[in-house]
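In TrEMBL this protein carries:
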{"type": "DOMAIN", "residues": "19-106", "note": "domain '2Fe-2S ferredoxin-type'"}
{"type": "BINDING", "residues": "C58, C63, C66, C88", "note": "[2Fe-2S] cluster 1 binding site"}
{"type": "BINDING", "residues": "C128, C131, C163, C165", "note": "[2Fe-2S] cluster 2 binding site"}
{"type": "DOMAIN", "residues": "251-436", "note": "domain 'FAD-binding PCMH-type'"}
{"type": "BINDING", "residues": "L279, V280, V281, G282, N283, T284, E285, V286, F359, D382, L426, K444", "note": "FAD binding site"}
{"type": "BINDING", "residues": "Q788, F819, R933, A1100", "note": "Mo-molybdopterin binding site"}
{"type": "BINDING", "residues": "E823, R901, F935, T1031", "note": "substrate binding site"}
{"type": "ACT_SITE", "residues": "E1282", "note": "active site, proton acceptor"}
Amino acid sequence: METSKNRTMTDSQNRTSSDELIFFVNGKKIVETNPDPEMTLLTYLRRKLGLTGTKLGCAEGGCGACTVMLSRYQAEPQQLLHYAVNACLAPLCSLHLVAVTTVEGIGSVARKLHPVQERIAKSHGSQCGFCTPGIVMSMYALLRNNPTPNMADVEEAFQGNLCRCTGYRPILEGYKTFTMEGGCCGGKGKNGCCMANGNGDFQGSKDKPEEATSLYNTADFEPYDPTQEVIFPPELMNLSKGQRSSRSLCFHGDRTTWLQPESLDELLLLKWKHPDARLVVGNTEVGIEVKFKNMVYPVILAPGFIAELNAVTHTEDGIVFGAACSLSHMGAVLKEAVQTLPPHQTEVFQAVLEQLRWFAGQQMRNVAAIGGNIMTASPISDLNPVFMAAGCKLTLRDKDGSREVQMDDSFFTGYRKTIVRPQEILLSILIPYSKKCQFVSAFKQSPRREDDISIVTAAMSAIFSPGTDIVKDLRLSYGGMAPVTVLAKKTANRLLGRQWGEELLQKACSSLAEEMSLDPSAPGGMVTYRQTLTLSLFYKFYLTVLQKLRLQGLNVQEVSSECLSATEIYHPETPSSVQVYQAVPEGQNQDDMVGRPIMHLSAMKQATGEAVYCDDVPLYENELYLALITSTKAHAKILSVDVSVAERCPGVVCCLFASDVPGSNVTGVRQDETVFADGQVTCVGHIIGAVVADSQLHAQRAAKAVKIQYEELKPIITIQEAIAAQSFYEPIRTIQNGDLEAGFKQADHILEGEIHMGGQEHFYLETNVTLAVPREEDGEMELFISSQSPSDSQYFVAKALGVPSNRVLVRVKRMGGGFGGKESRTTVLSTVVAVAANKLKRPVRCMLDRDEDMLITGGRHPFYGKYKVGFLQSGKVVALDVAFYSNSGNSMDLSQAIMERALFHMENSYRIPNVRGQGFLCRTNLPSNTAFRGFGGPQGMMVAENWITDVAHSLGRSPEEVRRLNLYLEGESTPYNQILHGLTLDRCWDECLSRSEYEQRRTAADLFNRQNRWTKRGLAIVPTKFGISFTATFLNQAGALVHIYRDGSVLLTHGGTEMGQGLHTKMVQVASRILGIPCSKIFISETSTNTVANTSATAASASSDLNGAAVQNACEILLKRLERFKTKNPKGSWEDWVNAAYFDRVNLSANGFYKTPDLGYDFDTNSGRAFNYYSYGVACSEVEIDCLTGAHKNLSTTIVMDVGHSLNPAIDIGQVEGGFMQGLGLFTLEELHYSPQGVLLTRGPGSYKIPAFGDIPTQLTVSLLRDAPNEKAIFASKAVGEPPLFLAASVFYAIKDAIRAARAESQMMGPFRLDSPASAERIRNACCDRFTKLCPPAEPGTFTPWSVRV
């Protein structure tokens, strides 16, 4: 027998040819004769099979855009397994005898949509649509396993999916219709009838018939029939049964050989022969290392199908899991054990399950192996502390035998190292039953609850002498406190033999503070917070154990009722929501769609993966791929560039640098940038050159091989460094009004303060992408770009190529999100790609990886605001002097306009008679910051809300009282002398107070805070006033081109681009109303520079206003031309009139144009109209914070938004919710970390957290203010894109309100500083208490921090 085993091993090793890889995609058999071990399923689907519905969002398994479903037949027990995975991490070679289902495989617009696709579209859950296929596939995989899930299952299925547009609510609501809870409530609904919660027909509320509350009709949904699903391919079933997939396989690639052994013995022999080989099951770690850490593994062993490694055995000591068991499978087994065994035996199991709840996303848990999690030896592992505290036993095995080791502090020998010998493998882990007197708890603290990497994890196990409260054994295990998972042994030993009481607690805390100390420069930063957490988490454990001891009848100290909340385990509530808008007037024509909640025109295509984005354009025959060469230094001279190694790399065609630019290398909004760096770099990520090769992989590998030598210069990274060096861009803007000196003299009180606001990454799901196709003659070039500003892209490309703009055609079909990030910064990529295509006369493509995009393209400007405010005893503010500093980065870009908007919004919604605002643009060595939804407005208003809160706190009054007192009134004027007409702030405020039941909530929160020491609730109500217009007057123009064809169909083009905000949908609605024809007759194909020229960027929330008016103008011209044919034939159809006009030789094409009248503000004279009108809104939010960990829950938010007469309530409510959630990220979650040398440390969804499904408020009400027409814009509507974002500040100030209640417990009163975002770290550190006192921060200046606040 031995010989045959040896033979299989040597066979698989010595074959130079690869085996055949057989798998199925959407029911079609694929036989790959030469699979590349380094290729992912995603690349194969998109590039080899042309299935572009599956998207690339991050390449690290953190966003879910690439989710597909895998199905395989399992022989033991005989069953089919269906599970969702991230295609960006799934190795192609791991798919032998697997069926892959992609979004294209379940339905299409042409054939028929699957109910999962149809419902997300019809419930308005798809805006830009780039994340939609992944969300569809997560839901589809859930339904294949469980046709009637409950809402908790749905929420769990989406833990690994992100969306940046919708705010998640419509997705959950649409998919609720598949759940047990989602059918009709039969009048027993928790929040009233289900008909009123978006599930019923379109109807008004009973007391106000003109108010509508549902945005779609569930009766339109196709019923879901699980029996109609695609079957598992019968041929694959036979193959699986025949081969049992146990033949050993070998696949050779350029750099890697993939070996899939058939038996444990063969695996052990291979590991003996290749001790450095990596074992790969889910590829969730190795995939990241190869992609982002440039690791090369010549031999990869895939043991995923070996029976012993997948076995689960119940023994008398516990449950033994084979090391290749997936985390999902382990979770399922442990859940069953917890339900069937007596509770005292399952303490460890419950601790493991608690960690698994928040462990990555479903797609990762489905493939990640328990053994991989242990062997990766991550210092912040969620599970290793539990295994260590529980004393789990590991079985290690090599070809000569096995040994058993206990997981204790000797198992991890150093950073990511263990005692496992190179030729050994981890065979299994025993998770033990707990004992009668044993209590185990596990904790995880991370910036975001779901799918996040922990800051600190902990697991604690206490064993007591039977019948007593005397500690017999104690294990306290921590992750995130050292380079390895550690046990706090000294502390544990000091507590042995003691009674579990207050004295033990004090001893434990002082001992832990000493034992768990961190170097102030420790990687990961947040040092004070992490040290405090070690104590806070122990305190939670202490209280939990006290409670359990009491339950066992022991006479121990009782946990007081006010401390009980510290022991509660977080269980999310299913969110509920209400949307209210004004129904269209009775008698409005059925074909007139203006004011109706119609679906986004591309939603169906987006849900089936058929919508084409830039990188989905099929590959051209001789196309090349480009990768960027970027600077690794923030400020340096380039001494030399060595491309010799890069040019010898496989597939490389050429390298490009500044000398290759045929036209001008000078570029940028202010002409202060270059296409390629020339002699000097001024930020990390500065583009120095590019490599062009035959594939993305080859181009990226070659770019990494370019060697650059620098002479470093001193960089300026932070705002404070820029202020110290007086490094500012000119001009320094000022707006002044009234008499400041007199104002401060009049004031009863004067208060000074400051606040810092962090920046924000756009995180559009589709990164920047350009495809440049040179034409044969006259220097023509066609570019497909994901850009909000096609005309600017055209201009900059033409300039770089040295040709007139009329030779460059830029086409934009749609973007997978923009948010301002694709307004001016897309040109940094598109000019480079155009130069390459021009030089090589071949099509060139480049889509940035997420880490490159985050590094290179800049984001929202970090702001620092300093203020001095004078106010009366009543709370009325009489004087304000404020200075803003923005971190602009290494070029001007749009920073001046952004600062101007911040100054225009410095008073938010409050009337201040004497005011001065100054704006300084800090010139630093960071990538240039740029436009981002709100464009400086949120930063200006944030500072205003900070001082109004300070005023209230210093007077001991409630902030809402002081806010209400200072609100603008109709006819008052702003600091820049614009009179406010049509002001609806007071109406929004009053409606928000009543809809949110503010008074009742405030009373209830005060009571809650008196009854709870360690959890506090807070409320805040915040207004916003947002000026609508580009602050640069010349941009307030738009064009449209309308063709009517002989068959009566209409082709509409306008200057705006579609990025998910529904602009094209609204424009079709506008044209439909004016032409008097149904929307189905009107089509918008794309935005292009050869149809409408000299367009402004789609930005400033003004696109519907500007383009809508231009479309109206064009359509009215055409109507006028058709008038006489209508008069002649009044009973005729639209087609009749069009035909008659054509035969009468009437021009059926028209150009429309619009410019906003009477605009033009002058800073020198402080006169002229800055804005055409204002959008107003008010939001009230309630939160609950955990004072011990800094975590918070968003309990409820009520938003009242004035959007005039909404053109499309579904799209407008989508914008309100999406903008609010983006603001929620900005103010509470999203943090960019930069090293002191200016290197961005947060370069992907793993380290940079945008809000996820679980972050939406548990109760969310959005009401569009009724009867508020706006005569300044198309059909009395108002802009809606940016204004709602700032309303999320209500969550920030609710958090601040809750912290204030916590500080009062420690007798700390009055104003205090809380910078934005209000992260868990900032919340915890602001709640001063006995634990924070034990962990004082190190003195600034005595150490080099891991990251600096820019």
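Every residue gets a Cβ built from N, Cα and C, even glycine.
Any TrEMBL annotation is an automated prediction that lacks curation.
The two recorded residues, E285 (FAD binding site) and E823 (substrate binding site), have Cα atoms 35 Å apart. For C128 ([2Fe-2S] cluster 2 binding site), the number of other Cβ atoms no farther than 10 Å from its own Cβ, over all displayed protein chains, is 30. Sparsest Cβ environment among the recorded positions E285, E823, E1282 (other Cβ atoms counted within 10 Å): E285. Within 10 Å of E823 (substrate binding site), counting C-alpha to C-alpha distances, fall the following of the binding-site residues C58, C63, C66, C165, Q788: Q788. Long-range neighbours of F935 (substrate binding site) (same chain, six or more residues apart, CB within less than 8 Å of its CB): G820, L894, A897, I898, R901, A1099, A1100, E1282. Considering only the binding-site residues C128, C131, N283, L426, C58 ([2Fe-2S] cluster 1 binding site) has C131 as its nearest partner by CA-CA distance.
F359 (FAD binding site) has C63 as its nearest neighbour among the binding-site residues C63, C88, Q788, going by CA to CA distance. Of all the binding-site residues in the list C63, C88, L279, V281, T1031, the shortest Cα-Cα distance to C165 ([2Fe-2S] cluster 2 binding site) is found for C63. Proximity note: of the listed binding-site residues (C131, L279, R933), C131 have a CA within 10 Å of the CA of C66 ([2Fe-2S] cluster 1 binding site), given in sequence order. Remark: of the binding-site residues C163, C165, the most isolated position is C165 (fewest other Cβ atoms within 10 Å of its Cβ). Helix, strand and coil residue tallies for the domain '2Fe-2S ferredoxin-type' (19-106), in that order: 15 helix, 31 strand, 42 coil [DSSP]. Q788 (Mo-molybdopterin binding site) and N283 (FAD binding site) have their C-alpha atoms 36 Å apart, to the nearest angstrom. With respect to their backbone Cα atoms, L279 (FAD binding site) and C131 ([2Fe-2S] cluster 2 binding site) stand 31 Å from each other. Most Cβ neighbours within 10 Å, among the binding-site residues F359, F819: F819 holds that distinction in the structure as shown.
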